[in-house]
Amino acid sequence: MKALMFEAPERAVLIQRDLPEPAPGEALVRLAYNSVCGSDLSFYKGVWHGSTYPVVPGHEWSGTVVDVNGADSGLVGVDVVGDLTCSCGTCRHCAEGKPTLCGDLQELGFTRDGACAEYMTIPAANLHRLPPGTSLRAACQVEPLAVALNAVDRLAVVPGEKVAITGAGGIGLLLALAVRQRGGEVTAFAEPVAERREAAAALGVSATVGGAPGDLVALVEKHPELRPDVVLEASGYPSAVQEAIEAVRSGGRVGLIGYRVEEVGPMAPQHIVIKMLTLQASMGPGTRFGEAIGLLSSGAVDVDALLSHEFALEDHARALDVALRRADGNTRSFFNLRT
């Protein structure tokens, strides 16, 4: 089978290897689509935490179960998506429903082979069935949509609240769709790339601004009716975190969703204290897979425009380049794994 391998930082190669064999309790999945996440790009550049080389990347995927080993045989032939988090299931964090904090955590696409391949093994317990007829292309966005829903819920967004988002990449745009599902209003998007601002505007956002320091603050000072109750920070840049803190209303909430391990910067924490803000981090899909599947399969959430650039695995160099440069209106590069 074909697989994309990250051998070392900034070294991605297409390889041929034997089909993997599922271990007890695992399933073998024939993959259909996998989208390229910002964390994949950081991993490719060598600036990601808790990852190992060499490894097959990819964790936003869809596919079909073709074999199981000691798991539910009824899964064979079923279209599925799955959680990248492979945790012990018994530690304190796992018992509290926080598997991303597990001390024995393994993650598909980072510490064990992921979905940029024709086939992949995965614990059967990580799989989620797709309703018949669900688009496998759209379904590769179930995992990031679940991440967005989990973040919006951790920030406790309620109907009628105003929300601003910094960063209009894939997760930022999905956050906007998740806010809408919770009845919130996205009043502003801060994003430096013009084509991505256009993508945000197409979602019906009240206003978009560039991502330079001070842009969002200037907007809400000029238009106080846009000042958000909540700011969701999806870019991972320290300057954007500071911008969120200054732009949100007094007594408001700031959600930290994006992060970049290579970025450091100064902060002015007095704004947090003086404005009595709540900062809330969010990582992973939590328990939102089922809801994300329902929203995509029913058409309540449309991700077609988000999936902007399709590639075969053979064209992986261009897929990564376009995504890294955020060129040509790229919001999500994705691989068609059945071409």
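Note: Cβ is positioned from N, Cα and C throughout, glycine not excepted.
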Query = In Swiss-Prot, the Zn(2+) 2 site includes CYS88, CYS91, CYS94. Which of CYS102, CYS116 does it also list there?
reply = CYS102
Ask   = Considering the Zn(2+) 1 binding residues CYS37, GLU143 given in Swiss-Prot, which of HIS49, HIS59 is annotated for that site as well?
value = HIS59
Inquiry  = For the Zn(2+) 2 site (CYS88, CYS91, CYS94, CYS102), what does the 8 A shell look like? I mean other same-chain residues with CB within 8 A of the CB centroid.
reply    = SER87, GLY89, THR90, ARG92, HIS93, ALA95, PRO99, LEU101, GLY103, ASP104, LEU105
Inquiry  = Can you give me the Cα-Cα distance between CYS102 (Zn(2+) 2 binding site) and HIS59 (Zn(2+) 1 binding site) in Å, rounded to a whole number?
reply    = 18
Proximal but sequence-remote residues of the same chain as HIS59 (Zn(2+) 1 binding site) (Cβ under 8 Å, at least 6 apart) = ASN34, CYS37, ASP40, LEU84, GLU107, LEU108, GLY109, PHE110, GLY114, ALA115, GLU143
Key: Site of maximum Cβ density within 10 Å, from binding-site residues CYS37, CYS88   = CYS37
